[in-house]
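Student: To start, I am sharing the structure in question, which I have written as structure tokens.
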Amino acid sequence: MTPVRSSSLSLLLLLSLVALVKAGIMIPQSPGCPKTEDKNFPQHVRVNLNILNRSTPARRPSDYSKRFTSPWTLQRNEDPERYSSVIWEAKCSHSGCINAEGKEDHHMNSVPIQQEILVLRREPRHCPNSFRLEKVMVTVGCTCVTPIVRHIS
């Protein structure tokens, strides 16, 4: 499994759980489970950070990002105070877009595609087992767009 796919999968699972809880969708519970409406309901929960299905194969060729009209490279974003500690982010390779001849065309712009994800941040810092949920904006790829042209009259 590629680093990007592994991080994406674990964050998608975490986001799904948070969405279910926030939406108030009932998940079957044992009769002894506390009610979330109870003011004594804990604000802290225990989470198993082991990722299921780590061996899921990647489904794209390794040169995928280089074949776009707006190619990118992946850069490692590492933060030991965050889970996942490594997030791979895209960086656009050109300011323009690549035409059919493989040349950069500056009549189009290569721009980053960003996605907000949820990560777990250690809190307080350096505590191995204490985290809080945090939103992070990451660049997941690049795309080609027409430039914004402003005419001065």
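Placed from the backbone N, Cα and C atoms, the Cβ positions cover glycine too.
Note that the structure is predicted; figures quoted are calculated from it, not measured.
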Student: Choosing among Cys92, Cys97, Cys127, which residue does Swiss-Prot name as bonded to Cys144 by a disulfide?
Tutor: Cys97
Student: Name the cysteine that pairs with Cys142 in a disulphide bond per Swiss-Prot, restricting the answer to Cys33, Cys92.
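Tutor: Out of the candidates Cys33, Cys92, the one Swiss-Prot links to Cys142 is Cys92.
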Student: I need the least crowded one of these disulfide-bonded residues (Cys92, Cys142), counting other C-beta atoms within 10 angstroms of each C-beta.
Tutor: Cys92
Student: Any idea what the Cα distance is from Cys92 (disulfide bond) over to Cys144 (disulfide bond), rounded to a whole Å?
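Tutor: For Cys92 (disulfide bond) versus Cys144 (disulfide bond), the Cα atoms are 10 Å apart.
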Student: Among the disulfide-bonded residues Cys97, Cys144, which residue has its Cβ surrounded by the fewest other Cβ atoms within 10 Å?
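Tutor: Counting other Cβ atoms within 10 Å of each of the disulfide-bonded residues Cys97, Cys144, the minimum falls on Cys144.
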Student: I need the CA-to-CA distance for Cys97 (disulfide bond) versus Cys142 (disulfide bond), whole Å please.
Tutor: 10
